[in-house]
Amino acid sequence: MILPSILLLVAHTLEANVECGVRPLYDSRIQYSRIIEGQEAELGEFPWQVSIQESDHHFCGGSILSEWWILTVAHCFYAQELSPTDLRVRVGTNDLTTSPVELEVTTIIRHKGFKRLNMDNDIALLLLAKPLTFNELTVPICLPLWPAPPSWHECWVAGWGVTNSTDKESMSTDLMKVPMRIIEWEECLQMFPSLTTNMLCASYGNESYDACQGDSGGPLVCTTDPGSRWYQVGIISWGKSCGKKGFPGIYTVLAKYTLWIEKIAQTEGKPLDFRGQSSSNKKKNRQNNQLSKSPALNCPQSWLLPCLLSFALLRALSNWK
C-alpha cells in the first residue's frame, strides 16, 4: 500500500491548485444496495458528471475536464445532422427535473479514428460557449494517474440512462450509480474478440450492475484510497445488452488519449494539462512544463519508489519556500 500512497502524494502536490476529483459537499459514505440495478447517487457525490441534452431531452453523459471542456464519447454524435447549437450541457445537479444550470456548446470534436463498426477510439470533446463556474456541485475530474497504480481501491459509474434493460423508456431523472471492478484485458478479450487495446472492461462480479442506453459518455471513476482524489479511468462506450450477467461493460481507456485531449485543447485555444487543470495562467504552465521534464518522472522501474519519494519531498520543500 506504500506505492499508491506515494502516487497520491505526488498527484496532490502537482494538483494543489486544481482541486480536481474532490467532492466538497459529499462528506459521508453510504453502503450501496442493489443505470441497471443502481442506487440513487447522493448530492455532490459525482460533481464532475454532466447531462448532454438535445431539445431538453437527455441522451448522453459526460464529465467536466476544465471550465471549457466536456469529455464524452464519439458515438453519441454519430448523426451528422446534430449541430453544436442543438446541444445543452446540464451541470451541478442530480435531478434533471430541477431548474438546471445549462451551458451552450460551440464545437463537437470527435476522434478522427472513431470506428462505428467496432467502437474503437470512441471519444469526443465538447467546447463550451462560456466557461464553467466551479463550486461544491461543479468540479472537474482528474485525468489518470501516472504511473497507473497496481490496483484501484474503489470504482463507480453513474448516469441518467435506462434503469430496466427490458424497458428502453425507463430513463431516470435522478442520477443513479453502480460500483465497478476493472477486469483483466486478456480475460475480457475471451468474451469480446473485437476488443482493442483502447478499451477496458468493468463489471461487479456476478451482479447485474451495468450502464445502459443514455449512460454512454459518462465517466468510470476510481480512487486508490478512501477519502482521496477521484480519477477518470474510462468512458462508458458499449456492451452486450445491459446488465447481462457474465458480460462486462466496455469503456474507452482514457489514459490512451491524454495527449489527444491536450492537442485538441491547445488547437482550440483553450489549453489544459494532463490533470484537467486550466492553463490560462502562463506561470502555472511554466511550472507544469518544468515538472513534466523532471528527471524523477523518468526513473527506471527498479528505482521508481525512491525517485517518487525524492520527487515528493523536493516538491514539498519548494512549495514551503
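Numbering starts at 1 and runs along the chain as it is shown here.
A Cβ is built for glycine as well, from the same backbone N, Cα and C atoms used for every other residue.
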> Among the residues Asn164, Asn206, which does Swiss-Prot list with the feature N-linked glycosylation site?
Replying inline: Asn164
> For Cys222, which disulfide partner does Swiss-Prot record out of Cys142, Cys155, Cys188, Cys299?
Replying inline: Cys155
> If you count the other Cβ atoms within 10 Å of each Cβ, which of the disulfide-bonded residues Cys60, Cys155, Cys201 comes out on top?
Replying inline: Cys60
>> Taking 10 A as the limit, how many CB atoms besides its own sit near the CB of His75 (active site, charge relay system)?
In response: 20
> By CA distance, which of the active-site residues (His75, Asp122, Ser216) lies nearest to Cys222 (disulfide bond)?
Replying inline: Ser216
> Quick one: Cα separation, Cys76 (disulfide bond) versus Ser216 (active site, charge relay system), in Å?
Replying inline: 7
>> Under a three-state reading of DSSP, tell me whether Cys222 (disulfide bond) is helix, strand or coil.
In response: strand
> What residues, ordered by sequence, lie under 8 A Cβ-to-Cβ from Ser216 (active site, charge relay system) and sit at least six positions away in the same chain?
Replying inline: Cys60, Gly61, Thr72, Val73, His75, Cys76, Gly161, Ile236, Ser237, Trp238
